[in-house]
Amino acid sequence: MKTANHTEVREFIFQGFSSFQEHQLTLFVVFLTLYILTLAGNVIIVTIIHIDHHLHTPMYFFLTVLSTSETFYSLVIIPRMLSSLVGLSQSISLEGCGTQLFFFLGFAITNCLLLAVMGYDRYVAICNPLRYLIIMNWRVCAMLASSVCAAGFSLSLVQAVAIFRLPFCGSLIEHFFCDVRPVLNLTCATPIINDILTLIISLLAITGPVTFLFISYILIISTILKITSVEGRKKTFATCASHLTVVIIHYGCASIAYFKPKSENTKDQDQLISVTYIVITPLLNPAVYSLRNKEVQDALQRVVGRKFLT
């Protein structure tokens, strides 16, 4: 536990990408381009799913929720990050920092839990196809989606309150947004209970869903291997290939960010990991589901063809 005399801190300053001072404009252009692509990709996916009735299935319902959540997840961090890169806003109020942390964690945990729900959807579709539409009816889908959102923001609220009830002795955040570890590093005292709470939330948001997904995919793969035809196995696996790709990258980045020992943390490493799961990972969702998913590609062709015909 660290202690120090302190005055009340009401505002924080982001150190940002100070290690890359000469490349700030380049970073701004790159991040802005990726952000626009992310927004455009998610809007296109949600629009295509809404318009094309062939995609009105549980799998694409959850994809719509995930795309919407990813859009707001990016919106919480990237605009302020971009403004800091061009020197417009390097500071944030105490309340603003708490709000940013709350929404960032809320959408991040929701995304993790949604990926687990999507894994369950694939498990039911492949391992119990005859009862799929009975088990995954619209009432169940709505209940699952609302439950993961409620769970995500409940855990986020607990974490945010636990951090911002502590006194702060520093105001310089060695990061480009209000993340858990950089903000905790500014507190005058970090009780062990905060470290335990952070670990528990990480276990619930990352380890729990990963374990569930691991078991689900073992059962899915064992079912696929029982299919006699090679073409049948390929076609069945293709229905969950996009989801599996997103899962591996998403949970891989999250695990590195929140389970890496504190002693191994450096500012540049933390920023590189954060850029990956804040800027790049949200882009993967529309990219993977549009480039690797034949149903979405076919739906896009139908919608575009319909527009040209009219």
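One-based numbering along the chain as shown.
Every residue gets a Cβ built from N, Cα and C, even glycine.
Just so you know, TrEMBL annotations never went through curation; they're auto-generated.
The feature transmembrane segment is assigned by TrEMBL to 25-48, 60-81, 101-120, 140-164, 196-225, 237-259, 271-291. The feature domain 'G-protein coupled receptors family 1 profile' is assigned by TrEMBL to 41-289.
Proximity of the transmembrane segment (196-225) to the transmembrane segment (101-120) is established through 3 or more Cβ-Cβ distances under 8 Å for residue pairs spaced 6 or more apart. Among the listed stretches 25-48, 60-81, 237-259, the one sharing the most Cβ pairs under 8 Å with the transmembrane segment (271-291) is 25-48.
Packing against the transmembrane segment (237-259) from elsewhere in the chain are residues 59, 108, 111-112, 115, 118-119, 122, 125-126, 180, 198, 202, 205-206, 209-210, 213, 217, 220, 224, 270, 273-274, 276-277, 281, 284-285, 288-289, 292-294: each is 6 or more residues past its ends and has a CB under 8 Å from a CB in it.
Sequence-distant contacts of the transmembrane segment (60-81) (same chain, six or more residues past either end, CB-CB distance under 8 Å): 16, 31, 35, 38-39, 42-43, 45-46, 49-50, 89, 92, 100, 103-104, 107-108, 110-111, 114-115, 117-118, 121, 138, 141, 144-145, 149, 176-177, 278-279, 282, 285-286, 289.
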